[in-house]
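Participant: I grabbed these lines from TrEMBL:
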- 30-290: domain 'AB hydrolase-1' (DOMAIN)
- SER104: active site, nucleophile (ACT_SITE)
- ASP258: active site (ACT_SITE)
- HIS285: active site, proton donor (ACT_SITE)
Amino acid sequence: MTKPYKSGTFKVTDGHVLNYELFGNPRGIPVLYLHGGPGSGYNDKHKSYFNPKRYNVIFYDQRGSGKSTPFASIHENTTQKLIQDIKALLDFLGFKKVIVFGGSWGATLGLIFVIEHKEYVSALIVWGVFLGTKGDIKHYYQGGVKKFFPERWERFVGLVPISERKNIPSYYLKRMSSSSKDSDKYAFEWAFYESSFLAMSMTEKEIIDDLNEFPYKALCILEAYYMTNNCFLPNNYILKNASKLSGIPTSIIQGRYDFICPSVNAYNLHKKIKGSKLSFVNAAHSATKEKAIKEKIISELEIIANLVQLPSG
């Protein structure tokens, strides 16, 4: 059963309108689900993490993502704006404290939100940790994975002239944002590259089948835009401020063989957050593709939930 008990839209600043749903038990433990990307949006598969009798879950599409409008818009779309939107949405919906829950880019946003608005957070669960550093971006988009997947890397850079390879996301962004006929080709190759590393083994057919079911254009444009701009963050912002999370029950789950977000990110984060728990899983990146990661996330959520008080009233 994935039907929300409430859904709607919420107008934020700069002409953006966010799509949201409330799922589960209205009197349950409040959870804020932060989707990945930037730009991927949420879907019904993401509801399978949650026991609908126990949790009251906020799902929403970030600026330019999913059913939020305008679709794929980069206008006033920055990390700082996304953080402001989270606070505004929680206030609008009347949530005073939530478990912040997200992976990959959702982990990035969740960590920043806790750093800047700790008063809204009862606990934190993150996985596939992406810290938004220049090193993270360079690893993934400037050749760090080519040692392990040379054929996928060669395909990804094959569309980029050698003279443009110092900033591959910037080149892809220009081509995907153009009105030319080949913009869709660039978006497909960006999405294909990312999908290659979601699980331990992804065949070309599996990747293409997935992409045929997913409106990936927003993900590709917004990811390229954010990576071109270093995620709109001072370098190493999260680790430099991670000590502010001390006192918040925090569980970090990390695929040992995550080629998108290397395990060292999760390890370094864990060392910075006093009292946090780090769990390594023999899997790759995606919690929707890797059963072991998903099972660990669900079990950690149950443990964390036992530490969180239900809202009064």
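Each residue, glycine too, has its Cβ placed from N, Cα and C.
Those TrEMBL annotations? Automatic predictions, nothing curated.
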Participant: Compute the average pLDDT of the predicted model within the domain 'AB hydrolase-1' (30-290).
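Facilitator: Here the mean pLDDT over the domain 'AB hydrolase-1' (30-290) amounts to 95.
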Participant: In angstrom units, rounded to an integer, how far apart are the Cα atoms of the residue listed as 'active site' and the residue listed as 'active site, proton donor'?
Facilitator: 5
Participant: What does the structure give for the C-alpha distance between HIS285 (active site, proton donor) and SER104 (active site, nucleophile)? Integer Å is fine.
Facilitator: 8
